[in-house]
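Student: Got a structure for you, written out below as structure tokens; questions coming shortly.
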Amino acid sequence: MSDKEPLFSAKNRKLLTNPLGSDNPITVQVLGICSALAVTAKLEPAIVLSISVMAVLALANVIVSLLRNTIPSRIRIIVQLVVVAALVILVDQILKAFAYDVSKQLSVFVGLIITNCIIMGRLEAFALGNRPWPAFLDGIGNAAGYGLILVVVAFFRELLGSGTLYGFHVIPQAVYDMGYENNGLMILPPMALVVVGIIIWVQRSKDKSLIESN
Amino acid sequence: MNTNSNTYTFLYASVMVLIVAAVLSFTALQLKPRQNKNREIEKKQDILKAVGVTSTPADAEKLYDQYIVKAFTVSAEGNVKSEDKEEAFKVDLKKEGSKDLNERNLPVFVFNKEGVGEKMILPVRGKGMWGPIWGYISMEKDGNTIFGATFAHKGETPGLGAEIATPAFQDQFVGKQIFDKSGKFTSIILVKGTAKGNPHQFDAVSGGTVTSKGFEAMLLDNLGSYEKFLKSSK
């Protein structure tokens, strides 16, 4: 490194914080919507998946960034896919051997990480053109931004749909006795889209610069 | 070096595939024994859970040896086929399920603990929406009343079909009966929200219709194959 840039320079810090707000992968880049619908019926899977995505995205970003000058551009998507798929299988195998309970919780979602558009999107848009360290920060930042939205959506869906949070009942029985009912629609995938839509609406009415001109 | 030439591209792809294949198969081979052990322990924990004994991965084997006093396999005719405890534990329900009813080895685990009494534990296995679902049902000595049950699944949708693995779903089976008053096998059938009080019905999972239907079929098929054995043990 010729330019002695501090590890957490202002530019690098931005890589971490931008995806949480003005460059959020779900609400602004519109990536990873599919998994946001699938896993947000409950808080717990949403949190576990966010952490797994963070591990895979940060590692994949670093590996692709290290290889970036050797990858033939015509097969770069295939190379990225192989890196991501191999990492996901490794994570899955290691979890099964050493953290069996966690792997049971994740079940199909570990496999779903491969198809998460955020990962391919960040590899293609960032890791291919940047050094490993910024790529690592970009991976952590984007996964955190993704996780943040997942948790917010899951919070509302679990609270209104099942009356629980992280599996614990939070709405007292007295409220049910007065005629309140859990909204079954919240558990179904369409409501995840509506909640994500509401979040996008709130975010854009606060930050006008995100609104497209046309 | 020209990273866009055909030769380079081919070489790059071949080497990459070889490396990844080597790494993955090495990991899979190295971790296999540990993973199998985890599965065995999980199975023992599940069997114990069906009679309400909670165990940790650390003490599951000890508790299993202590409380599961014997295990054997029976035929659909109700005759004992093998008395070997180890053999009954190793029966692969997936394979048995694809055999003719008359050729199946049906495992029975016998639990005994002071203060609780003797219970029979029967394994069940069927199809959910995305993959297999399975579980263990413990029966009172009368071979009719359910004492406890536990269910698990490979990959049902969390919040929907995956609810079959929650205590709220499983507890409703306690006290249900699989034979009606005249002694006819009825299994336990699925209804929406009105199962409370009826000993032959269970409540479906809302939003998990396919899983619930598969679940109903699993009970009918698996418990049905034990029909003669259960009748003879009354």
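Note that Cβ sites are derived from N, Cα and C of the backbone, with glycine treated the same way.
Sharing the record's features from TrEMBL:
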type: DOMAIN; residues: B:128-226; note: domain 'FMN-binding'
type: MOD_RES; residues: B:THR209; note: FMN phosphoryl threonine
type: TRANSMEM; residues: B:12-31; note: transmembrane segment
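Could you tell me the structural context for the features on the list?
Tutor: Here the domain 'FMN-binding' (B:128-226) returns a mean pLDDT of 86 for the predicted model.
On its own chain, B:THR209 (FMN phosphoryl threonine) has no residue at least 6 apart in sequence with a Cβ closer than 8 Å to its own Cβ.
Counting residues 6+ beyond its ends, the transmembrane segment (B:12-31) has Cβ neighbours under 8 Å at 3 in the same chain.
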Student: With DSSP helix as H/G/I and strand as E/B, how many residues of the domain 'FMN-binding' (B:128-226) fall in helix, strand and coil?
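Tutor: Helix (H, G, I), strand (E, B), coil: 29 helix, 26 strand, 44 coil.
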